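K.L.:
Please find one structure pasted underneath; my questions will follow.
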Amino acid sequence: MMQSQQPYTGQIFQPTQAYTPVTSQPLYGNSFEDEPPLLEELGINFDHIWQKTLTVLHPLKVADGSIMNETDLAGPMVFCLAFGATLLLAGKIQFGYVYGISAIGCLGMFCLLNLMSMTGVSFGCVASVLGYCLLPMILLSSFAVIFSLQGMIGIILTAGIIGWCSFSASKIFISALAMEGQQLLVAYPCALLYGVFALISVF
């Protein structure tokens, strides 16, 4: 049987909406004033950078393990650049050696600390701590700009800076990884790493 065709009236059939879509709430708001600062989105916290720097500059200060366990690489990058810049002022173009030795040293310490600690550690945390503890080495390379470090005074100063760097790094590592009683075991490989940086500064 033929169905009777209805005349075309010019209207388009539109289905009724059977569900109401859930509108997603914006994460930070609709206006620019509600958004967080760009540095906070990038994970750069100047307060934590300052606290880590003070922990390195004051070796006897108790390290806060929660802050030290962060993978903050902004400060270490600045300190590596400053170390290379002070070497450059002394006539040594060593940027490649600084970053190469840093990468190899961080990889070695990462493997060693994962074998020694019960909780384990991330590569970013190791790189962050070793980079922050490079700060006293910048002082040594700054002294190398003014006078030669190849005499007896230079040797004593270099040994003190190596001890300062390794003591600060080992203190932060045992605080962040709960490795009580193992500071000397951690300080030895740190001293070897910072000793290589000291050799670059002296010679």
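Cβ atoms are placed via backbone N, Cα and C, with glycine included.
The domain 'Yip1' feature in TrEMBL is assigned to 56-200. As annotated by TrEMBL, transmembrane segment applies to 73-91, 97-116, 123-147, 153-173, 185-202.
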K.L.:
Compare 73-91, 97-116, 123-147, 153-173 by their Cβ pairs under 8 Å to the transmembrane segment (185-202) and return the stretch that comes out on top.
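P.N.:
Highest pair count goes to 153-173.
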K.L.:
Contact between the transmembrane segment (123-147) and the transmembrane segment (73-91) is defined here as three or more C-beta pairs under 8 Å separated by at least 6 residues; is that satisfied?
P.N.:
yes
